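Asker: Take a look at what Swiss-Prot says about it:
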type	residues	note
BINDING	Gly11, Leu12, Ser13, Gly14, Ala15, Gly16, Lys17, Thr18	ATP binding site
BINDING	Asp62, Ile63, Arg64, Gly65	GTP binding site
Amino acid sequence: MAGTRLLIVTGLSGAGKTQAVRCLEDLGFFCVDNLPPKLIPKFAELCAQTTGKIERIALVVDIRGGEFFATVLDVLKDLKNQGLRYEILYLEASNETLVRRFKESRRPHPLSTSGEIVEGIEAERLALRELRGLAHKIIDTSNFSVAQLKQEIANLYGGNEDRERLAITAVSFGYKYGIPLDADLVIDVRFLPNPHYEPQLQPLTGLDEPVREYVFEAPTTSEFLSHLVNLFDFLIPQYIREGKTTLTLAIGCTGGKHRSVVLADWLGEQLRERKHRIVVRHRDLGRDVSGTNY
């Protein structure tokens, strides 16, 4: 377990453990939900022995484990005696907030015997009291939005790179084949001069320098690119602040062969210069070899 970070996520039902674990997954943690406490030492040992060593583990342990949960304090003592280092993240919220969340989700509290939500909350607070006292970090999510909780988790458990971890994909496509279903933003570049109507350029693609020169030489292109890069200089930090981890930019022309390819590659170059993580993919390039794919 040397060098392996073991994070135990626990806390009140409805306090945001599910959202926290999703964020931890985005940060590269290997996450397991509702693992019986007695299995924690063996699980950690197996992770340390894997060929591709798992360096960060997050385990959700809470009262859903029923009678198994009663062993959690003893298990934590055993981990400490064995020299296995761990951290405990405890999430909680006010009764008022938890009641509202349970009503919105229309789910019963797991410890409520009479159907009264507050009864279940108070019973859970009592059951978790000792575990809360061992927590390395307690987060009260009463006034947190999901995005704010994700940002807090990233600040606590992500490195500097993780805090600005946004995986960007720029996809060129042809409108004749449909807009990519996973697109977050769609940019229509069909207003730019079309190389398809130049006989010497028609058989080429946006990967070829003559096509790139043709597209970039147009005054309209120059003005558009200036606006486009300013747009993303503004948008990307906002997405990161909001906790977004993936962003798909779809850039389309008629057939996905010329203009969209040029612009997707250009955008990739610009964002890499700004130290963003971006992959460029040309979805429809080479899809139609009949000469109609423009």
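For all residues, glycine too, the Cβ spot is worked out from N, Cα and C.
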Asker: What other residues of this chain sit with their CB within 8 A of the center of the CB atoms of Gly11, Leu12, Ser13, Gly14, Ala15, Gly16, Lys17, Thr18, the recorded ATP site?
Answerer: Asp62, Leu91, Glu92, Ala93, Thr141
Asker: Measuring Cα to Cα, how many Å separate Ala15 (ATP binding site) from Arg64 (GTP binding site)?
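Answerer: With the alpha carbons as reference points, the distance is 14 Å.
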Asker: Find, among the binding-site residues listed as Lys17, Arg64, the one whose Cβ has the highest number of other Cβ atoms within 10 Å in the structure shown.
Answerer: Lys17
Asker: Whole-number Å distance between the CA of Lys17 (ATP binding site) and the CA of Asp62 (GTP binding site)?
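Answerer: That separation, Cα to Cα, works out to 10 Å.
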Asker: Kindly assign Ile63 (GTP binding site) to one of the three DSSP-derived states: helix, strand or coil.
Answerer: helix
Asker: Which residue, out of the binding-site residues Leu12, Ala15, Ile63, shows the minimum number of other Cβ atoms inside 10 Å of its Cβ in this structure?
Answerer: Ile63
Asker: Is Ser13 (ATP binding site) helix, strand or coil when read with DSSP?
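Answerer: Looking at the DSSP assignment, Ser13 (ATP binding site) belongs to neither helix nor strand, so coil.
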Asker: Give me the CA-CA distance between Arg64 (GTP binding site) and Ser13 (ATP binding site), in Å, as a whole number.
Answerer: 9
Asker: Show which residues of the chain containing Gly14 (ATP binding site), separated from it by at least 6 in sequence, have their CB under 8 Å from its CB.
Answerer: Ala93, Thr97, Leu98, Arg101, Phe102, Ser105, His109
Asker: Hey, which of the binding-site residues Ser13, Thr18 is the loneliest by Cβ count within 10 Å?
Answerer: Thr18
Asker: Applying a 10 Å Cβ distance cut-off over all chains shown, what neighbour count does Gly11 (ATP binding site) have?
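Answerer: Taking all protein chains shown, Gly11 (ATP binding site) has 28 Cβ neighbours within 10 Å.
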Asker: What is the number of other Cβ atoms found within 10 Å of the Cβ of Asp62 (GTP binding site)?
Answerer: 22
Asker: Quick check for the class: what is the C-alpha distance, in angstrom and rounded, between Gly16 (ATP binding site) and Ile63 (GTP binding site)?
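Answerer: Cα-Cα distance, Gly16 (ATP binding site) to Ile63 (GTP binding site): 14 Å.
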Asker: Quick check for the class: what is the C-alpha distance, in angstrom and rounded, between Leu12 (ATP binding site) and Ile63 (GTP binding site)?
Answerer: 9
